[in-house]
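Data first, discussion second: the structure below is written as structure tokens.
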Amino acid sequence: MPLLDSFTVDHTRMEAPAVRVAKKMQTPKGDTITVFDLRFTAPNKDILSEKGIHTLEHLYAGFMRNHLNGTDVEIIDISPMGCRTGFYMSLIGTPVEQTVANAWIASMEDVLNVEDQNKIPELNEYQCGTYTMHSLEEAKAIATAILAAGIQVNKNDDLALPESMLKELSVD
């Protein structure tokens, strides 16, 4: 099985909260797609609650689009990581990490301004696969923690696992 880019970096050295450019690729038409690792919690140390991350999934995707989309950037998707330590964001364009961090901060402030669980978009059985698994309170606690901690930048060069270690860890 091919080794995915996200598994070539040392998760034990990742800072959180932090932004990292996980991958860049070119489309056949020449557009650049950038995938960002938006790490909310330190891997293997903390985990986002099920209800909190699910509620953030509904809120964060819209708020990030409000703050980041523009003439040179269009968000394709923001999805929670299976490990529940953050989100992956794929977009067309190449915004710098600090621009993404600023949009993330503004989005967390927006989460804190949501007044009622009934204001969570697509919170119904027709548009959500587990519409009863939400907590605005838990989402706000996550947002508060992000704002209190601030957002750093993780660089792939600083986190790259040595080739020898990748071979040693490989499951054939």
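Backbone N, Cα and C atoms are what each Cβ position is placed from, and that goes for glycine too.
Pulled from Swiss-Prot, these are the features on record:
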BINDING   H54, H58, C128  Fe cation binding site
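Annotated features taken from Swiss-Prot, shown on the structure.
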{"residue": "H54", "record": "Fe cation binding site", "Cβ neighbours (10 Å)": "23"}
{"residue": "H58", "record": "Fe cation binding site", "Cβ neighbours (10 Å)": "19"}
{"residue": "C128", "record": "Fe cation binding site", "Cβ neighbours (10 Å)": "17"}
